[in-house]
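What follows is a short report on a single structure.
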Amino acid sequence: MRRDNQSSVSEFLLLGLPIQPEQQGMYYALFLGMYLTTVLGNLLIILLIRLDSRLHTPMYFFLSHLALTDISFSSVTAPKMLMNMLTQTQSISYAGCISQAYFFLSFVDLDSFLLTSMAYDRYVAICHPLHYTRMMRQSLCFLLVVVSWVLSFAIALVHTLLLARLSFLRGNTLPHFFCDLSALLKLSSSDTTINQLVILTVGVVVITLPLLCILVSYGRIGATVLRRPSIKGICKALSTCGSHLSVVSLYYGAIIGLYFVPSSNSTNDKDVIVSVLYTLVTPMLNPFIYSLRNRDMKGALRNILRRGTFSA
């Protein structure tokens, strides 16, 4: 069959956040501050891990990639949103929209895989401490990260290729501040059955299975700690796993609120607001969680500051 040459629009209009015009300036400053905090905070984590040899361990190797992912994740949506708020424009090109959807999906998936790798690392550290060096060898850590990156971008490519074949004859207005896949599917005039089926199938691989692995890991950790309960053992487990558990709760809590709690209608502001928490607040909080709850990170920061003071 001949494909309609009007099946693709040249651009989309992003309605943005449900903010009153007189409040645009205040929210622009707030979101700009949040984005800069996200970038600088995660860059600081990467810098500390690179400079402090005591942080050259599997856990911090995964954390450095998680910090890089959070920077990239926020940078996919925040700069365009801030530019639109500043210039009062709403348009994004078709190619730009598809590219934004692709990279957004890539880094969402990558976050999930990295958090799972970190949970496995914590499981080995607490449940098999005598075999930790052998089980979490450098080659395995490198392999887990490479597979996470490749798999994430490959899965996102599948979604993007299926998205690119859809027609958008109903209109080009998205009730969102970025090109969210679900919003694009609702706007499409084509049959999205295959897209929805792939989302459901891949969601099991990307979200459900990693979450189950994390829950099993922490279930085993809890069982190990409670088998020989002591205040010292519990405190050590909390200090070892507390930061990661906090990040996991933020990440999966936002996903459940965004994709698994139904909205009253297709344009509910709840989806947009939760997306802001998901794309800006969570990546911004991660550096604070790992800095404030982690003695190694605080020690590395003090050492860097001390070196800077002495050199000055």
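Backbone N, Cα and C atoms are what each Cβ position is placed from, and that goes for glycine too.
Feature list (source: TrEMBL):
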- 41-290: domain 'G-protein coupled receptors family 1 profile' (DOMAIN)
- 26-48: transmembrane segment (TRANSMEM)
- 60-81: transmembrane segment (TRANSMEM)
- 101-120: transmembrane segment (TRANSMEM)
- 140-164: transmembrane segment (TRANSMEM)
- 194-216: transmembrane segment (TRANSMEM)
- 237-260: transmembrane segment (TRANSMEM)
- 272-292: transmembrane segment (TRANSMEM)
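Scored by C-beta pairs under 8 angstroms, the transmembrane segment (101-120) has its highest count with 60-81, from the stretches 26-48, 60-81, 194-216, 272-292. Of the candidate ranges 26-48, 60-81, 140-164, 194-216, 26-48 has the most C-beta pairs within less than 8 angstroms of the transmembrane segment (272-292). Within the chain, the transmembrane segment (194-216) has long-range Cβ neighbours (under 8 A, six or more residues past its boundaries) at 108-109, 112-113, 115-116, 119-120, 155, 158-159, 162-163, 166, 181, 185, 248, 252, 255. Within the chain, the transmembrane segment (140-164) has long-range Cβ neighbours (under 8 A, six or more residues past its boundaries) at 58, 61-62, 65, 98, 101-103, 105-107, 109-110, 113-114, 117, 120, 181, 184-185, 194-195, 198-199, 202, 205-206. In the predicted model, the domain 'G-protein coupled receptors family 1 profile' (41-290) has a mean pLDDT of 87.
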